[in-house]
Amino acid sequence: MRYHPLTIAFRIYQLVKSNLLFALILFVFQKDSEFWLWKYGKYAFLLFIILRLIYIVTAWFVEKYEWKDLMFHIHKGIFVKRTSTIPFSKIQNVTRKTTVFHKLVGLTSLTFETAMDGEDDAIHFEVLTEKQANDLIDLVQPGKQTILQKEQADIAQMDEQENEDLEQEAVQQKNRMVHFTPKRKDLWKASFTSLSFLAIIPIAVGAFDYIGPLLPETDQVEGLFQVFLNSKWLLFVIIILAVIVAVSFGVGRTFIRYGKYKISSDASYIYIDRGVLDESYFAIEKRKIQGLEIEQTWIKRIFGLAEVKLISTANPKNVDGSVNVNSLYPFLPVNKAYHLIKELLPIYQLNGQLERLPRKSLWVKLLRPSWIWIVATIGLAYFKPAIFQIDQAWWIVSLLLLCCILLHRILDYIHTRYAVSEDQVQWWHGGLTSRMFITKRKNVVEITNSQTLLQKYFQVASVTTTNRSVPAHKEKINDIPLPYAIDIEDWYLKRKEDVEFEEA
Amino acid sequence: MIGLVVLNILGTIWSLIEPTYLYKSWSYQFDDDYLQLSYGILKREWVTIPMTKIQSVSTSQGPIMKQYHVRQVKVETMGSSHAIPALEEEIALRLRKKLAEYAKLKEVDDK
């Protein structure tokens, strides 16, 4: 099957979007430049654009996709033909995005991501109709495929009871439960905790660079600044205005990004719908989640918010710098976050009772040499820079740095809590930004205990776990008592209990 | 300058005594389910890897190693790679074969 004809238009739109700045520089700002790079650059640029256009149009005629026997077959390339085959079962998650472009023409786009790593690791449908998208999602996803497989198996068995189960499952598939939509209050909190109003600074600077050449003489601009500086009132008003613009910009940005947000789930999938202008839809199979993380920066802690992240084998790369797909919602109230995990993934039992580190761990944390401090202090002592015209500044700075580092470690000591239960491990750690990590024993692919000389003296150790992800997710807890570390290793050695093996 | 010389001398002394400690510090064991390694002089590490999670096993041998009939065994997992520095050739090859055999088993989850 060919892709939707508007794919051509979409690709041209993207081409224009990414080359607009370049074209402006070449044909507007440097129009009369005699410099060879600009002079010939224009021709090269035109040639490039024409070739791209030809390529885009031809590619549409050549590139095709089809599906057969629960597999996608994608045909690509004009000069070098490539065919990739991707079975439905390898698809890890589904992302549907409706950008402003798509909205204008009433269409949408779809991406199927796999756990593979490489060039053909995902299937993109840049433009398709709403109905096509739904059909494709249905084809690949929720239960349908398992039901299909099961039906095939059933033909051989014809077991009535199993059929009943199947029906039940089919009913369940339709039962999508909505777990979370942000309220206005949450969004206000989110826009302040994310410091999104600061985002205007790089944008303003960028815009100034962009329009800089168009502005009148710089002398005039500077003259204007002088006027502002001379009158305190004017300056005050300007600052207030700037703050208002920045805050409303930040709030607007947050509302657009996180405004329409819906987390829902059914028996085997988690769905996230989001976005006001650019709509996107994301689905991941619960079974494919390797672990969970709750992250709390200090500013979020003040507001009582937290971010829940999923650790999965899906490729976390951001295609266009949008919201990270592995994050459930970055500004969840803490209670809600716990509640959500309980609802979405009941196999993870969040433990209220976690153990704290013994007092001796604090000593280990405080006594551990800090390389940052040592290097910084040597540098400071060598150069002895006079900050704020104070000659003795170097040792004050060094001392301040040491205090910060020690404070950070004390916070880490306070935050570190851990529990290992039957088949899961859960711990909190971190200084300014504290993080909780929870995973199942069968999802841990490797465990490492380590002990430095200092830790040996105090009889404590560190444990590192590795989970499957791209790249591998490593998580380390420091300075837990040695017997406990050994227990964790023993616990891991009983991993076999949770694991099923494929029949060879 | 003097500092560099001192560092250099210390480094040389260390490189002379390091192999003995390295040799003493290294140990490995494996059974049907796990490969366990332990190593490290100043900082000790104990690594546990389930056999099913091993992705590839390779051995390599440099000219000096060839002289003494030893081989390095390298084990790669989904998350990391570990090298056992020098094993007698025969043991290394046997280990490689064993690891490859055990690693054949697949867990249901890996699909």
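The backbone N, Cα and C atoms fix where each Cβ goes, glycine too.
Listed features, source TrEMBL:
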- A:12-31: transmembrane segment (TRANSMEM)
- A:43-62: transmembrane segment (TRANSMEM)
- A:64-138: domain 'YdbS-like PH' (DOMAIN)
- A:149-176: coiled coil (COILED)
- A:192-213: transmembrane segment (TRANSMEM)
- A:233-256: transmembrane segment (TRANSMEM)
- A:261-342: domain 'YdbS-like PH' (DOMAIN)
- A:366-387: transmembrane segment (TRANSMEM)
- A:393-411: transmembrane segment (TRANSMEM)
- A:413-492: domain 'YdbS-like PH' (DOMAIN)
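Remote same-chain residues near the transmembrane segment (A:366-387) are listed as 393-395, 397-398, 401-402, 405-406, 409-410, 454 (criterion: CB distance under 8 Å, separation of at least six residues from the stretch ends). A Cβ distance under 8 Å defines the sequence-distant neighbours of the transmembrane segment (A:43-62), meaning residues of its chain 6+ beyond its ends; these are 2-3, 5, 7-8, 11-12, 15, 19, 22-23, 26, 75, 77-78. Assigned with DSSP, the residues of the domain 'YdbS-like PH' (A:413-492) fall into helix, strand and coil as follows: 22 helix, 42 strand, 16 coil. Across the domain 'YdbS-like PH' (A:64-138), the DSSP tally of helix, strand and coil residues reads 18 helix, 39 strand, 18 coil.
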